[in-house]
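Engineer: First, the structure itself, so that you have it in front of you.
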Amino acid sequence: MSRSLRKNPTALVSAAAVLGGLLLGSEATAVAAQPENDRTVDYRGYSVQVPADWSVVDLEARPETCVRFDTPTVYLGRPGDQSACAGNTVGRTAGLLLQPLDAPALSAAEGAPVHAERGSAQPTGTELDPARPAWRDGSFELAVEGAGVLATAVHNGTDAAVVAEVLKSASLTDAARPSAAPQPRSTGDVGAAAVAAQPGTYKGKGFDACAAPSNSAMDAWLSSPYRAIGVYTSGGSRACGQSNLTANWVSRQVGKGWKLTPIHVGPQAPCTNYRSRFSSNPTTAKQQGVEQADIAVDAAKRLGLPAGSAIYLDIEAYSRGGSCTTAVLSHTSGWTERLHQHGYLSGFYSSGASGITDMNNHHGSSTYTLPDHLWGAWWNGKANTDFGPYLDAGKWAQGQRIKQYVGEVGETHGGVRISIDRNYLDVRAGTPPEPTVCVTAQLSFATYPALAAGAEGDRVIAAQCLLRANGHDTGGEQPSGKLDESTMAAVKAFQNKVGLTAAGTVDSRTWTALLSAGSTPLLKDGSSGAAVSRLQRALNAATTAKLSVDGQFGPNTTSAVRTYQSSRGLGVDGIVGPNTWSALQAGK
């Protein structure tokens, strides 16, 4: 986080990478490779070709190194405590972290890693296609059990193909020693004590750091004047690795008395020089804000941060005015509305002279939904929440402010030095927004039994949400979860619309039509995304396929499509085109 615009994040070279250059340890080697502009890097028998201009850093030889991805680097080994990471770094480029495949590494993984095939360095199918969901949020993790290695590939969205090619070059050497992936020590649901909504109520000093410090560093800093820490929990523009950040870490720090301010740093304003930027079109920028909020909430839940927590959108300094200001306000509006639908509070971080000023100027707007909390950078050295000319005293004044008053400093407490930005917080626990049921509702089930009058439960909620999405009112502001008269009327209206018998019962044909409703893109093996998820749900309703709804069109989905096509008298090719979509959406 910084008040100043970083014009070319990838041009910055970390001291560790420069000094380390090519650091070789007992399990890490680098040799000349073909083609001419590549080099081969081998870690524990997992061998990849990387561009010759990438730095290679052996973390076992230099455990104090900050793992940062704003320069093209391959890191080999387990990251250290990360206390040397500067607090103001934003932006990333293509890079790679190779470390042992063990419980600590998997605990810090951002979701479930993709697994390479047994005895191979490569996963099945099209998993290395950056368009697939596993590449979302700026990283992709591959568990290579044939060498006992977890490979984390990072990117900024525009260069995902570069790092994908690196992974495609991978092979196993004779030095590889197989090691099965253990179960991770913790997830957002298992192994960590529940925590209250963050940051809750707090008035006092805090700090933010590029990487979450180790447990021992956090304990040492209990001797500091700070009791709040800003942590980069999500976002594809995070520069630093987060090897310490797990649900257990979150639970432990909150238990020790720390307040957490979760930070999401995704695409930046369109008028900046960051590689990853959101659109200058207001409608598109708003939808991108919605998408970023979904990513942030997924990460928050994985870390055990509950609904009611505030998540802060990091928008670095930009040139105010015109289409850029409109895009930022639209993006933040989409972000805020979606967080509220999930039951989270919305926070917004920016410089006083850009984002905070724009928020101030549009306070009370009927056009934009503005955030609940503001976190601004004004490095005037004063530990308070006065923003001078940037924010009027009466706005966001009810426990809704954080000021970053000093940036880019190093401090030592309890014998541990950390590079930080200093903050002063005046925040209060707010009333969490009521989650929008149809945003959080479960739609994916292995089976879809018929629902008759009086039925209750999650499947009824799913049916009500699907009916609402198709323009049919089921009564009340939120789905009731009961198949009552108003819901049955909506079911009959939908059945009439698609040509089914209007019985009011949600049978398999009605389920199939509801679940498949929407756009009809051509889908085949290798396709991915929301349309594939819709297809998989519809096939589960129409057949006994019991597909895993993962948005990935692989062999199982192909087989289920062929079975459906054969049973409905369609051309059997395993490809979902107009005829197959038409049959599904007619409830056949």
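Cβ from N, Cα, C; glycine included.
As annotated by TrEMBL, signal peptide applies to 1-32. Residues or ranges marked as region 'Disordered' by TrEMBL: 108-131. Residues annotated as domain 'Rv2525c-like glycoside hydrolase-like' in TrEMBL: 219-424. Positions annotated as domain 'Peptidoglycan binding-like' by TrEMBL: 457-514, 528-584.
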Engineer: Which numbers of helix, strand and coil residues does DSSP report for the domain 'Peptidoglycan binding-like' (528-584)?
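Structural biologist: Helix/strand/coil tally for the domain 'Peptidoglycan binding-like' (528-584): 33 helix, 3 strand, 21 coil.
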Engineer: Where DSSP helix means H, G or I and strand means E or B, what are the helix, strand and coil counts for the region 'Disordered' (108-131)?
Structural biologist: 0 helix, 4 strand, 20 coil
Engineer: State the mean pLDDT for the domain 'Peptidoglycan binding-like' (457-514).
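Structural biologist: Computed over the domain 'Peptidoglycan binding-like' (457-514), the mean pLDDT is 96 on the 0 to 100 scale.
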Engineer: What does DSSP give as the helix, strand and coil breakdown of the domain 'Peptidoglycan binding-like' (457-514)?
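Structural biologist: Across the domain 'Peptidoglycan binding-like' (457-514), the residues distribute as 33 helix, 2 strand, 23 coil.
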